[in-house]
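What TrEMBL records for this protein:
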- B:21-40: transmembrane segment (TRANSMEM)
- B:52-75: transmembrane segment (TRANSMEM)
- B:78-157: domain 'YdbS-like PH' (DOMAIN)
- B:197-221: transmembrane segment (TRANSMEM)
- B:241-270: transmembrane segment (TRANSMEM)
- B:366-402: region 'Disordered' (REGION)
- B:413-433: transmembrane segment (TRANSMEM)
- B:439-457: transmembrane segment (TRANSMEM)
- B:457-523: domain 'YdbS-like PH' (DOMAIN)
Amino acid sequence: MEPALALRPPRHRADPRAVRWWTVQGLLVAVPLALTAGAAYWFLTERQVWLGALVAAFAVACVALASLTPRLYYRVQRWEVTDDAVYTLHGWLTHTWRVAPMSRIQTVDTERGPVQRLFGLANVTVTTASAAGHIKIEALDHELAARLAERLTTITQATPGDAT
Amino acid sequence: MNPAVEEVREDDGWRTLCRRSLAASAVMSLGLAVPAAFFLGRALVERGWSPLSVAALVAGLAVLVVCGVSAFDYVRLRTTRWRLTGERLEVRSGFVERHHRSVPRERVRSVDITADPVRRVFGLAVVKVGTGEQAGGQSELSLDPLLRTDAEALRRLLLDGELSAGVSPDTSPGASLGAQDPAVARLDWSWARFAPLTVWSFVGGAILLGAGYKALGLFGLDETVEERLGPAWDWAIEHPWTAVPAVLLVNVLVGLLGAVIHFAAAWGGYRLEREPGRLRLRRGLLTTRSLTLEERRLRGVEVAEPLLLRLGGGARVKAVATGLGKTDDEENEDVAALSPPMPREHAWRVASAVAFARPEAGVTVARPDAGGASPRPGADDAFARPLADGAAPAGPRLTPHPRAARGRRIRWALSWVALVAAAVAALDLMYAWMPAWAWAAPAALLPVALLLALDAYRGLGHTLTAGHLVARSGSAVRSTLALERAGVVGWTVRGSYFQRRAGLLTLTATTAAGRGHLRVHDIGQDAGLTLAAQAVPGLLEPFVTRRADASG
């Protein structure tokens, strides 16, 4: 018994440069982790072969995860802003769709991390009055992000009430 | 500070806190001074000081503590000013660092008046004004203390002033309620029988006894007590079959007594009233609390039925309101609580009275995204129906969730049991001392876990009434939440790999009030998307697609 209704994926993907950004970001964590494991093996143990194999496997797994998951992320992360709502989808094993109506948006933030800036990317975060309801659109071209934030701010300012 | 300057500021409407606070804080400082004096006295006596010098030093210390606290309070009173203007409530405070906080009167969402026993004797009360800002811990503005009468007057001014500003029509509720008793609920002392129905009654006794023993240790009496108890201890070792049940019995008795005393202290004098446009809760035997909540801040109501309470036929009612839920200094107090544990039928009656206490719902529908499809809650509302005919079991009639949700709960239960069994197996392999009866633990856990899983599934349900989205879930902590449809500020739809395979999803309505969300767990995919589309027309609908080959 297949369900008859489904949520369609939002229209837009993140900027293609996001893959490289996420890869660099991931490697910045994974490479030191792998190196530390290797160094600990080399200097602190008696260099048993089985342990060496384990450490090597760990290091390879770290780097492989960091360089492969961004492609996966890119495929599953989507966003869309209509005249009435902000709509996003993310998650690979667990899909999470979020919708916030324009009339209930309270703040719009753009943020750019240091690595992100190298790639000319920015995130847009939209919050509603709910503690559980903020929506993040990751890795947009920074000019697009600025335009989007401006558009959202204009629309939300035009809405009367305190949006609770 | 120059008195002349003081005068000018008073003319501006700046007012001081009540001077009587000095006396109250001096009395309260005795709570610190007496133990401090006791310890000093004991230490000096042990060193062999003469009684006279001990008495002098102890008295000196006590005076020092009382004076110190009073001086601190004096500075605080001198430096704190507040005023209520036409638009805002302002408070200036701070000696080293000056603070100026100001709250627009239209933002005031709740007024909480508290008086502990000492302040009550002096006719004082602490006023806390909630503004409902969710960000940061600065959601409250407190005036500590005012004269009790001033506090009441301020409460009326803050809330009445707002009503006369014409935001909400206060005539209709007043008119419709004029004939009725304004009290939605009043304390019935027989409800104290529900008080012990918490886990705390069973572990609380042990904690109390332990804390008592620690306190004895602080006063250096533990050795004396141990000497006295020595024979009793020997007897207990010799007769474990009598002693262990006896100790357990004492533990439970202490827990019961503690629970009932706590119930009496927290809920004595309980009264929930509906005033025009707002709810007023009064409770507390020693520390009296009075919480006034504007009804237009109310977004719904929750009926909580923890397992033990539910088995005893009781339930509690909580408010889902914006600007509530911050419990800065009193973590153990649930500010949103609208009722003590009470009989289930009664709880539903209160919940339903609270949920439909908002005739202004018609006003909120005017919001663009609320759509025109949420008419005034009427007699056809499923939330109220069981109360009207009285025949149905308490609570609204809910649509059950697909059987796949039951399968998921049973699988969770089995995995928990498997985990415990694996832990026992691992310990068994590693250590020889594991007795065979340790395997009784997972064996005994199996039926309990399965029962809880089935109960959790039976509890699952949702419905949509004219004004509210209602969802129930949980077994150990079952809660039925009714959230006003106009209070939904967004949706989150979540489908894990297993949920998608079973055609289920978890639908979360986000809201500004209470915990910030209402979750409908493991609802069928079609039912969930339809529910969301119906609850808030136009929000999720544009993103829902129908499969081309689906019939109908």
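Using N, Cα and C of the backbone, Cβ positions are placed for all residues, glycine too.
Note that the coordinates shown come from a computational prediction; the quantities given were computed from them, not determined experimentally.
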**OP:** Take a look at B:21-40, B:241-270, B:413-433 and tell me which one has the most Cβ pairs under 8 Å to the transmembrane segment (B:52-75).
**Re:** B:21-40
**OP:** Would you report the average pLDDT that the model assigns to the domain 'YdbS-like PH' (B:457-523)?
**Re:** 91
**OP:** Using a Cβ-Cβ cut-off of under 8 Å, list the residues of the same chain that are 6+ residues beyond the ends of the transmembrane segment (B:21-40) and lie near it.
**Re:** 57-59, 61-62, 65-66, 68-70, 73-74, 77, 118-119, 121-122, 124, 144-145, 219
Original post:
DSSP helix, strand and coil counts for the domain 'YdbS-like PH' (B:457-523)?
Top reply: 11 helix, 41 strand, 15 coil
**OP:** Tell me the residue counts in helix, strand and coil for the domain 'YdbS-like PH' (B:78-157), as DSSP assigns them.
**Re:** 20 helix, 37 strand, 23 coil
